[in-house]
């Protein structure tokens, strides 16, 4: 939980907020945070359901692998890896800027390298690559690597300590900004600086708020009982983070006019413009501490994703990077170093685009989960586990770990309790039958399954069906209707009336109607088609709405046609039967599928605000990932022919180390014993 705060708060306040205030929306940044809060909260709710179904590192990737195949899972993993590397590069840039501010501007004359060999006459490369490369950002990245080679305990302790300092200073500076707030700054400035386009772009940027929560889902295997509080913890974290950023952004935007900021503004300059130099220095210290902790944590999800892709042999990387975190961390640092050459505005746009794309993928996977004939994953918590592995060649998941004995013990205990209860009711019934056999004609309700009452079964007795044919409907198979009167035997009468009454009147309207049951696989395929059509129509509607500068008759007709098709598709999707009645989930998305379709429409609207340059850069990197897959991963994949394999692991690090130590002691003792015996 702490990692979510460490990752999200510095990223939102020191990286996204100044860019949004200065260039995108101005005072309407608070409204953009509200829009992003709605979209991110529904995304987090869907992510919680997937994480509970597959409590494993990179749960969305593993679920996509088992549900829709290797290529979509690889694309989702590549998007996640690119998104994490983009965020790490942004944090490196921000860390360098605030370090230069702390040193009084003495760092940049030494650290900046002029990119004079690149053409600057409006070329495409000049718009993407930085004008001056910052060496200090590379130094900050490599300073984090020694700490990343330590255990998660050391990394968490350092990050939490830095976050505590950042939170205390941030709260005090927010109080100072509150006393310097003036509503006149909002009245003098234009509320919507860049109109609806800027508002949508700012909302897409603030979708990075739950990035820390997404990073927390990448560490599920390294926590104890990950599914215990995911369903409530993820939404509460999203609400808390959005509330903190909303309050701080509102106070800051009231302190100074946003149009007075320069294009490369950083947050401590706001207090310098407000004539509070002490708060400016404290904010610089706060930003440096918070960004340092956030930069440390940002390496975890990317390195985990890179390790998983390497483990599945989908990337041409060294094989030991899947087993050793050191190699995966170094390779991820190399990717971050490549992204440091890109301009900061390009990195922000790419991060917003990839985050929106990943949120759409997560919600779509949850939609698929609700229409599968057999849902994937663990439906609900049954026992404490460390490893859960599926049976070979089947989609069912079975427990096969050191805690598997607890499952058999629980089953045995339940059988024992059921047997004791059955014997107790049997004795009570026999006792009552012995005293009231002459008065009791039948037992209206059976409390247990039994064969005889009052004696052993007789041989060659007629069955209950034969007895029914003779007018005797006793459910006891060893009971005969002959000599039943006065024999003292109790007859257990069964209900032979049919559950469905007979239809005596023929209706000609129903003569040609077929009553064949609906195939769940057909429902799943149709739901998948409806989902694809809904996403396509929502994206087209968003593009038409955001790209048309003027309203013409043709644009109105096109919008009306797309909207009508979207409503028709939504109506078909809402009428599809789900598998919720047959599957009990540990965490379920509320108001499904209404919340799912609403969140998808909002995310597609935000996706339509992406500029052509950002779309070209992001698409080029995705194409590069596809070339790597078809050049290497398609031929060397280790999971394509292994069936729908899900390995769910929940391993406590301390317990694992203790067990390894015990195994080592036992091995040493056995070797010493063998030596002595020889």
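Yeah, the Cβs are placed from backbone N, Cα and C, and that goes for glycine too.
Feature transmembrane segment, per TrEMBL, maps to range 281-303 of the set 258-280, 281-303. Checking the ranges 576-594, 595-613, 614-632 against TrEMBL, the transmembrane segment annotation falls on 614-632.
Over the domain 'Amino acid permease/ SLC12A' (7-361), the average per-residue pLDDT in this prediction is 85. Same-chain neighbours of the transmembrane segment (348-368): 15-16, 19, 39-40, 42-43, 46-47, 49-50, 60, 63-64, 67-68, 76, 79-80, 82-83, 86-87, 90, 201, 204-205, 207-208, 211, 214, 342, 524, 527-528, 531, 535, 589, 593, 596, 599-600, 603-604, 606-607, 610-611, 613-615, 617-618, 621, counting only residues six or more beyond its ends whose CB sits under 8 Å from a CB of the stretch. Residues 47, 50, 53-54, 217, 305, 308-309, 312, 314, 354, 357-358, 361-362, 365, 368-369, 372, 376-377, 395, 622, 625-626, 629, 633, 637, 639-640, 644-646 of the same chain sit 6 or more residues outside the transmembrane segment (60-79) yet have a Cβ under 8 Å from a Cβ within it.
Residues 3, 6-7, 9-11, 13-14, 80-81, 84-85, 87-88, 91-92, 94-95, 98-99, 101-102, 140-141, 144, 147-148, 155, 158-163, 165-166, 169-170, 172-173, 212, 214-215, 218-219, 266-268, 271, 325, 328-329, 332-333, 335-336 of the same chain, all 6+ positions outside the transmembrane segment (281-303), place their C-beta atoms under 8 angstroms from a C-beta of that stretch. Fewer than three CB pairs closer than 8 A are found between the transmembrane segment (31-48) and the transmembrane segment (138-155), and contact between the two stretches is not assigned (pairs 6 or more residues apart).
Same-chain residues lying 6+ beyond the ends of the transmembrane segment (162-179) with a Cβ under 8 Å from its Cβ atoms: 2, 5-6, 9-10, 13, 247-248, 251-252, 254-255, 270-271, 274, 276, 279, 282-283, 285-287, 289-290, 292-293.
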